[in-house]
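J.: Sending over a structure as structure tokens; questions will come in a sec.
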Amino acid sequence: MNEEMSGESPENNKHVKKPTMPEKIDYVFKVVVIGDSAVGKTQLLSRFTHNEFCYDSKSTIGVEFQTRTITLRGKLVKAQIWDTAGQERYRAVTSAYYRGALGAMVVYDITKRLSFDHVARWVEELRAHADDSAVIMLVGNKADLSVGKRAVPTEDAVEFAETQRLFFSEVSALSGGNVDEAFFRLLEEIFSRVVVSRKAMESDGGATVKLDGSRIDVISGSDLETSNIKEQASCSC
């Protein structure tokens with residue numbers, strides 16, 4: 001009597017791919033993005049984390065974050081990018097928002113002078129609440145509108161950044177221009193500063209600098225590679 005067997009033969013089974021385990025995240029970098037309302041902070045996050053731009057984006061309410069995973073010397077690093085509302089009524093979340101941040105982007109709109117004039121206040125608040133070693137980058141968004149609509153000359157921003165010892169970049173969340181470069185530069189500098197501090201403490205016989213309990217390896221710019229985005233692309237408009 002013939003019997004029907006369910007499943008596949010052992011010969012066929014050996015060709016079936018087994019489910020892969022999720023890759024282990026080695027490090028987590030918290031980066032905060034601050035600036036006036038409507039300068040494009042949320043759009044910068046969407047462009048960097050999902051390569052998206054939402055035309056009907058609404059103002060952020062409270063605090064939210066998005067992530068993107070990158071590879072540094074074979075280690076997986078999750079960049080956790082925090083976004084907050086620029087309105088004054090949400091400033092009560094300040095302390096918790098800045099806690100643990102290794103880097104920050106202070107964003108202004110190059111077509112709105114007032115948003116740039118407020119940058120000094122944002123930097124002051126950041127330095128009052130964040131760690132002294134946090135890496136800060138001044139970011140002029142909406143560079144795609146520079147012809148005919150620019151209200152903040154690049155020279156003004158460069159001068160302010162130099163005076164305040166900030167990194168500087170002009171980007172376009174709409175076109176994606178220079179967005180990845182700005183974030184990667186910030187993340188590389190975070191690594192550099194943490195490593196330098198760690199080595200200095202070790203040479204003095206002190207405790208090592210730790211990031212989420214993990215060892216930090218020295219990297220060069222060529223070691224920074226983008227990995228596949230681990231999260232599903234979704235517009236958070």
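Any Cβ shown, glycine's included, is placed from N, Cα and C.
For 35-42, 83-87, 141-144, 172-173, the entry in Swiss-Prot reads GTP binding site, with the evidence type similarity to another entry. Positions annotated as motif 'Effector region' by Swiss-Prot, on the basis of similarity to another entry: 57-65. Among the features that Swiss-Prot reports, S-geranylgeranyl cysteine is placed at Cys235, Cys237, with the record citing similarity to another entry. Residues or ranges marked as cysteine methyl ester by Swiss-Prot: Cys237.
For each feature listed, report its degree of burial, its nearest neighbours and the pertinent distances within the displayed model.
T.: Over all protein chains present, the Cβ of Thr84 (GTP binding site) has 23 other Cβ atoms lying within 10 Å.
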J.: Which residue, of the binding-site residues Ala38, Ala143, Ala173, has its CB surrounded by the fewest other CB atoms within 10 A?
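T.: Selected from the binding-site residues Ala38, Ala143, Ala173 on minimum Cβ neighbours within 10 Å: Ala38.
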J.: Would you mind pulling the DSSP three-state label for Thr84 (GTP binding site)?
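T.: For Thr84 (GTP binding site) - judged by DSSP and reduced to three states - the answer is strand.
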J.: Over the motif 'Effector region' (57-65), what does the predicted model average in pLDDT?
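T.: A mean pLDDT of 62 is what the predicted model shows over the motif 'Effector region' (57-65).
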